[in-house]
Amino acid sequence: MVRHNNQLAHNLPQLQNLIKRDSESYKEEFLQQYSHYKSTLEVFRLTPNEFNKSLDELLMFLAQCLKYMRDRILCRDKIISSLYSLIGEGDQPMPQSLFIYGHLSTGKSLLVESLLKHLAYRHSVINCIEHPSSKSLFEYILNDIKNYGNEKSLDDFKNNLKCDNLMTFIDHLQSIQSDSNVNSPIVIVLDKSERLREMDLNLLPAFLRLKELTKLNILTILISDIVWDKYFIKTGIPEPIKIFFPQYTFEEVAEILYLYRPDDFRSETFYKNYINLFLSVFFRFCRDINELRYMSMLNFNKYVEPITLGQCKENDVTTLWRNISSTLKANLEVIYLRVSTDDFTERTQLSQEIESTTKLALSFELPFYAKFMLIAAYLASYNPPKEDKRLFVKASNKKKKRPTINKKKRIAMFTHTGPRTFPLDRMLAIFCAISEEKIDINANLLAQIPTMCQLALLSLFFELLRCEDKNLREFLQNHIISDIKNLNSKHKNSKVNTVLQNFMFNALKDSNARAAKMSADIMIELYKKNIWNDAKTVNVLVTGCFSKITKVMVTCLKFFLGSDPDGKEENSSDSEDDTPDLKGVIMANKVNKKTKKREKQLKKAKQLFAKSKNKKSKAPQFNFSALHLIHDPQGFAEKLFVRLKKNNDRFEVKLMTVEVISRMIGLHKLFLLNFYPYLANFLQPHQREVTKLLQCLAQASHELVPPDVMEPAVKKVIHFFVNDSNSSDVIAIGLNAVREICSRCPLVMSEDMLQDLAMYKNHRMKSVMMAARSLISLFRVTMPELLHKRDRGKPTEATVALEPLQYGQVDAKDFVPGAEILLNPAKEHSDDSDFSDDDDEDDDSEGEWVDVSHDEDDDVGDDDDDDDDDGESEEDDDDDDDDDSEASEEDDEEKNNEKKSVKNNTEEKSLVTNKDSGPKRRKIEKPKKRTKLDRKRDKQERLARMKKAKKEEFTAEKKEKAAQISLEKILTDEDFKRIDAALIKQQVTAAKRGTKRPLVEEPKGELEGRSDREKFGYKDGRQNPLCSKTNREKKKTKAFQMIKHKMRGKVKRSFKDKQAALRNHLIHQKKMK
């Protein structure tokens, strides 16, 4: 029995042996094994139902073809089988067209030509680059097919067919087929077929339908380096059969190079090791088999040099590598120059064959594009620069008459001036002008990164950014970034960076939008990679903000805003797509067979899932260090603001400019007073992106902005946003914006305005209520005197010692605030509690208020006894009104002392007036009667002086102690921790009243009189004070939610139940008596 194997190369010998058996046994075994060989037979389009002798002959022929091709072309067995299945049978109809594509140097043309020669088909192989017009293309194909198999002579050239159009081409093909006696098919191979896209639009569809148009057994094969999707033509074209040639792998290249082993060196293992070493260096940069074969033979002589000299043996790998390493690196840089060294020249004896420069020119064939490059170099070297304009001007333009000049000047102008040096960009400009097509740059040629800086190719890359090819620009951008990154990998190359930054500076000023935009993108990318993160790069991008090209300006503005120019949504969507399905992987691992590969996949999926989860949980980070590196932030902001007012850009561009200006003002505390009225013009609830505009207004505010400049903008926000006619969301946005502005510039708020805004603390909507309360909380810790007394809250030790700063005032301290806490010995306490009871006692002793003796010269009204009685009664009324607000400021004892001092002062002054009035005056002049408003005003002034004196005495001792500690002691980390804890505690600790006298200091008589006094408080009448309360007493302290169901049932009782309850209650009350 024959084993099942779908590979043709292994099944052919077994299939042949099966055929050679007798017919009946063959028929039975063939039917049994037909299912196994079905895939193999389908390759050859064979479906035998009965024995056929020609089948044996056909299979033998195909086996011979495969063996022949396999000996000539390696590593292409599958592709050879596919091509044979399509075109291997000459008497069968050919397919209409084939499209063969793949990378450079993958054996496409060689395999097709070898196959056609072996099959002896009439064919014509054409390189489309060599035929720029359709006429030359038609004539070459016709003459090649007509003279196929004949030796060329002069008569053949005289009898060449002429063809001008497609119809003539079809007629000639039909006549050639009818005149010839051979029935073999015709195959037309078009190499570099992508050039057909630039010719006549009907040319490519005609070649693809050539079999249909000529009605002949003809096949068109297109060979290209690009995919079929790039062949987009407006006219409809049939899609051909596509065959892909993949690149050779590392093992396949090693197998091919091994065939070129030198005959005088017979060690196979040694040469294989050399090929692996050679490909480990060159395979990454070059896949061209011819190049690799040439370089491997060139470097092998150097590799075996220590062995031939007897310095080492074949197994001494270290010595061999040291000998060849420098040579491999040098040859890697010149791999595409195709210049042979002296050793290789002597070995191949090329010097004997090439005897003169004429023979050299005839034998040395340059690549196609290298010829144009050589012509461009010649023109740039010998022609004057003025003559270059003839290459760029269209020939159809009419030439203007020029005035006659002297004959000598005319001769001198048209005489060649070379050879001279010329810039590289001039040569490339001439090269693009003389070539008729758009040329893609060779990626392999530009991959030599270490030599780019030496050859000044980086400066050339910046010049090439002006090209029209998008793929080339992206390629150049990536190579510039990677090359500069490699140059600065070990240390910063300041010399090269300076030169390249100068190129960037000039490129940003370029009139070409693409080059300027790409230069800005490169600098931003290098800054993000921390390669060019210096001040020079940032200030070059500052100039980009004033570019006349909008794209360049927007890119630079986004850089200073910290946003990604490429967009974050795409990156986030890509990251979401890359996130693995962990549940699916775990379920697949449970169901499927347990293998090491699946375990590794599960482990990798878990790591990726954890990584993506951590990435999502992290907050976005922004780098604002670029704004700190700007040399002249004030000038930058002013110029940007002037440009903003002059230019009529889109609203999005204006908004970005406003954001940059506001961020600069807030960060550097700049003075740009015209910016606030300009921004206030856009502050309307219906304005687009109004929240960002409010954010910009808050960012641009700081404590050095004059309040009178900032006040109109704040009033406009309050007028248009904080209004009852607006929705709750608009009011909340307005209040939050005012809070953010006041947190940076608190002097802009007035007392009346703040108290009006504080009224929204009881609003029905929670967002408005919370916004108003946050505004109140802000002013409680900054300027509490602007708030109403009921909104100030209970004063803390921090707010009592608070001194609001006026405009331009700086609170510079010469001590460490809170250092007085270090005078108290540190108590042993747990690490978790920074506020222990011992610390509380110490802080209470320091934070208490001290009684202050007031001056006797305070201004008090000069009233008589009658007026004093009236005034005292009125003042008592006023005191009753202000009891709540003054309870936290002064003690009852201080009030009594104050009244007594006021009364004594009035009596003394009245006596003085009586003495001064002589006997002549019979009547004492009474002072002018004071109004209630005067008395209230005097009282407020007196209380203010008392407050100020108390605050000064309260803080003076602390400042003195803190200054003493700051000067005498070197503070440690533990000391700063205690200071920070004390400062935090002061923000939440309520300010203490004046100290009361301890009970020990009170007279003994008072203590003895209080000994028999009953305890003050509620008397509940319980005989046993330790017993619990009744349910009725407990019900009074319960929450309503706990008893509402019982109360609801109590209301629903009937009249009979209410009578019974009342009767029981009265009986119970009677028993209690």
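Just so it is clear, glycine is given a Cβ too, placed from its N, Cα and C backbone atoms.
What TrEMBL records for 73-221 is domain 'Orc1-like AAA ATPase'. Per TrEMBL, the feature domain 'ORC5 lid' maps to 271-328. The domain 'SDA1 N-terminal' annotation in TrEMBL covers 454-764. The region 'Disordered' annotation in TrEMBL covers 824-962, 989-1037. What TrEMBL lists as compositional bias 'Acidic residues' is 833-895. According to TrEMBL, the feature compositional bias 'Basic and acidic residues' maps to 896-910, 935-962, 998-1022. The annotation compositional bias 'Basic residues' is assigned in TrEMBL to 920-934. According to TrEMBL, the feature domain 'SDA1 C-terminal' maps to 1027-1072.
For the domain 'SDA1 N-terminal' (454-764), the model's pLDDT averages out at 83. Against the domain 'Orc1-like AAA ATPase' (73-221), the recorded stretches 271-328, 454-764, 1027-1072 differ in Cβ pairs under 8 Å, and the greatest number is found for 271-328. Helix, strand and coil content of the compositional bias 'Basic and acidic residues' (935-962), in residues and according to DSSP, is 28 helix, 0 strand, 0 coil. Broken down by DSSP into helix, strand and coil, the domain 'Orc1-like AAA ATPase' (73-221) contains 75 helix, 22 strand, 52 coil.
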